[in-house]
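Heads up: the structure comes next, in structure tokens.
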Amino acid sequence: MVAMPERYDVVVIGAGHAGCEAARACARIGLRTAMVTMNLDLIAQMSCNPAIGGIAKGHLVREIDALGGVMGEVADSVGIQFRLLNTSRGPAVWSPRAQMDKKLYRFRMREVLEAEPNLRIKQAEVAALTFDAVRRVNGVLLRDGRTIPAGAVIVTTGTFLNGLAHVGEMTYSCGRNGEAPSQLLGDQLRSMGLNWTRLKTGTPPRLDGRSIDWSSFEPQAGDAEPTPFSFLTGRIERQQIQCHIGYTTDETRRVLQEAIPRSPLYSGQIEGVGPRYCPSIEDKFVKFPDKVRHQIFLEPEGLDTHEVYVNGMSTSMPTDVQVAMVASIPGLEQAEMIRPGYAIEYDAIDPRELNHTLEVKSIPGLYLAGQINGTSGYEEAGIQGLIAGLNAAMSLGGSDPVIIGRTEGYAGILVDDLITKGADEPYRMFTSRAEFRLHLRIDNADARLTPLGRRAGLATDERWELFQRKERQKLRLTQAFETHKNGQLLKRPEVSISDFLPWIVEVLGEAPCRGLLETVSTEAKYGGYIQQQERQMARMKDSERRAIPHGFEYRGIPGLSREIQDKLDKVRPGTLGQAGRVPGVTPAAIAVLDCYLSLHIGPN
């Protein structure tokens, strides 16, 4: 007798940053979840830089944490240098960043995942998705012939779909350097009638720290008082390290310019579009010929390794050129290259094939998250994995979907940008993408999103109790400032809320929750601007409440040009607000559409 395959509620394909969040979310909510990866030892591998967070990216990590995700907690537990960025500017753009011990990050993430009773992690290659008679996903087929039936499948394959690496003139198929690509699944997905593209990313060489003259570089220390990512973290206790700053030279320029004909980026060998905001070092010298030098950062990859990541020197140049390029930098003349840099091309879907839940519009039960959707970055991948996991769980449980609006979080901005505008190049989050960034701060991510995580069943009792305590303290302290002379003093730019700490402890009767003082201070000093943004957000929410019916026909609407009809028909926006964000759709066209909806569909 042939044994029946074990059935799961959800199968997650891939165990990168998106896959880990998706799998853990589904399992934590109570779904039987299988996460399938081609290498169990590389769960949550940091394929590129050994860091979490950064400008806007730190906001995403806080939002992952506020919802009940895992990235922030793991990062806090293995971080080896923490810095709060942009502190010379306003609190809207403050953002935490931390260097990670890459090996410990993998180990800790695997430990967290294996502690989930509803989650099973399997080492295998998924060769294909399986479908029922009405083209709904109902599981996966493994390369060894086994099947795993499931109610939903979340694909988080990163750069593995038909991945092709480039080092100079040399090319080879891989998902990451030294790892096999996912060609069978990639070929099946490309045959399913969806729109795909090729994107490209790259990574720099790694050096042996013992061969570096560290005295030639400027040391960069972390903050004396580290800022954690997770609202659950008290203090960062782990040993902290230094990074170092250096610069390219005229010799670096000469080496690269002479080798440009050998660059796969400029020879036509690489066809995929690379990230605009993280260009390769050769691209920097070509596109910015007047810039005298470019900054690099030497970042240790861990506490028990000599391997050093050269941030700012991503390249796909031939290995001999990379050796000469490294040696052209003061302090690296004798540096030994452990691993060369390389570029990798991979398949990515046009994210306009998805809806706000990250489910493929035309294939029920199939969700996509991470680099497969055209994004770059661990943090962008992590939040997508969490959203896909939450929505797969909600769908299987018959609950309403989890939709985060543009006024509620950077998570909502990321998803809305992807499914409305597409991704012609790897998408990276910036604070400038937010209409209301003073409202979307790192200190209030819990106030914005923890109630949503609680309703979805993801936020734990511990997180919920801490959040409620902070909200009670905030109400009490805000009222106290409003009725005391200290309230007027606090509004002054030069006055710090920490000056009132003894009085605050007296008012609260206990020590304030972490982050509370930052929130109260910001809302006092920027109250007028925040109120103005709240009025603007209310208007945006009104436009989001004007729903456009599923399958709505744009053809034949008087006053809408054929071009705009085509754009709207391709994206299929769900609301009038989303329609207004479709590239090329004018305010006049939105007014016409609003009028037509009112006349023919009725008031919202």
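Using N, Cα and C of the backbone, Cβ positions are placed for all residues, glycine too.
Cross-referencing Val78, Val126, Val308, Val310 against the FAD binding annotation in Swiss-Prot, which names Gly14, Ala15, Gly16, His17, Ala18, Gly19, Ser182, Gln371, picks out Val126. In the three-state DSSP reading, Arg276 (NAD(+) binding site) counts as coil. When the alpha carbons of Glu282 (NAD(+) binding site) and Gly16 (FAD binding site) are compared, the span between them is 28 angstrom. Cα spacing between Phe288 (NAD(+) binding site) and Gln371 (FAD binding site): 28 Å, rounded to the nearest whole number. Rounded to a whole value, the Cα-Cα separation of Gly16 (FAD binding site) and Gly274 (NAD(+) binding site) is 20 Å.
The Cα of Gln371 (FAD binding site) lies closest to that of Cys278, out of the binding-site residues Cys278, Ser280, Lys284, Val286. Rounded to the nearest whole angstrom, the C-alpha distance between Gly14 (FAD binding site) and Cys278 (NAD(+) binding site) is 24.
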